[in-house]
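Enquirer: Here it is, the structure, as structure tokens.
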């Protein structure tokens with residue numbers, strides 16, 4: 001592990017609508033502790049002294065972003081969101097190039113709806129991967145018993161959970177390598193669910209860095225309620 005923390009750029013893909021939340025607005029704009037989820041997700045990066053700049057990918061017709069105080073932050077640039085996450089991230093990487101980022105610069109991609117990232121986890125990721133030839137991501141070992149099922153919901157087998165980890169964010173890779181992996185996988189119409197899967201598709205083996213299990217992504221209403229209760233108990 002490196003004792004230094006490398007400088008980095010951050011990308012936040014925030015063009016999704018979060019349909020499973022069944023809310024009146026995209027989930028990243030729901031309130032949590034007096035601010036939007038997106039503002040919390042951005043905050044851990046904006047507070048970090050090693051940040052070189054940040055790009056947030058937004059839907060072209062996003063009516064909520066301009067009302068946020070952070071929209072005027074000069075460290076934040078806006079990129080056009082794509083129809084899928086990979087397109088949003090790719091557009092953000094192109095924006096980073098325009099800002100002067102080089103192919104060997106580190107880029108951290110973080111979910112817009114993952115507001116509980118701790119500074120300790122961010123520092124751990126940066127330190128552990130500072131000299132890594134590939135990069136990697138925060139992740140958490142599977143704790144529950146896992147079942148593989150058929151299309152009818154019948155159990156086929158119990159999976160060895162010692163080999164299974166849940167992928168979290170941030171995910172940290174060199175700009176040039178990530179750009180090539182995403183662009184090539186899109187041309188090949190490969191199934192890409194996160195940046196690590198694009199790197200895997202390109203033949204790389206990202207490293208997993210164990211993080212906190214409470215760095216959850218808000219996907220369903222109960223996730224947001226859990227965070228609200230947890231944050232209320234901190235007071």
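Cβ atoms are placed via backbone N, Cα and C, with glycine included.
Copying in the features that Swiss-Prot gives for the protein in this structure:
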| type | residues | note |
| --- | --- | --- |
| SITE | 20 | site 'Transition state stabilizer' |
| SITE | 27 | site 'Transition state stabilizer' |
| SITE | 161 | site 'Positions MEP for the nucleophilic attack' |
| SITE | 217 | site 'Positions MEP for the nucleophilic attack' |
Enquirer: Out of these recorded sites, 161, 217, which one has the fewest other C-beta atoms within 10 Å of its own C-beta?
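Expert: It is 161 that, of the recorded sites 161, 217, has the fewest other Cβ atoms within 10 Å.
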Enquirer: Give me the Cα-Cα distance between residue 217 (site 'Positions MEP for the nucleophilic attack') and residue 27 (site 'Transition state stabilizer'), rounded to a whole Å.
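Expert: A Cα-Cα distance of 10 Å.
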Enquirer: How many other Cβ atoms are found within 10 Å of the Cβ atom of residue 27 (site 'Transition state stabilizer'), counting all protein chains shown?
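Expert: For residue 27 (site 'Transition state stabilizer'), the 10 Å Cβ neighbour count is 26.
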Enquirer: How big is the gap, in Å, between the Cα of residue 27 (site 'Transition state stabilizer') and that of residue 161 (site 'Positions MEP for the nucleophilic attack'), rounded to a whole number?
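Expert: Just about 30 Å between their Cα atoms.
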Enquirer: Three-state secondary structure of residue 20 (site 'Transition state stabilizer') from DSSP?
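Expert: Residue 20 (site 'Transition state stabilizer') sits in a helix per DSSP.
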Enquirer: To the nearest whole angstrom, what is the C-alpha distance linking residue 161 (site 'Positions MEP for the nucleophilic attack') and residue 20 (site 'Transition state stabilizer')?
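Expert: Counting only the Cα atoms, the answer is 27 Å.
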Enquirer: Might you list, by sequence position, any residue in that chain lying six or more from residue 20 (site 'Transition state stabilizer') with a Cβ less than 8 Å away from its Cβ?
Expert: 219, 220
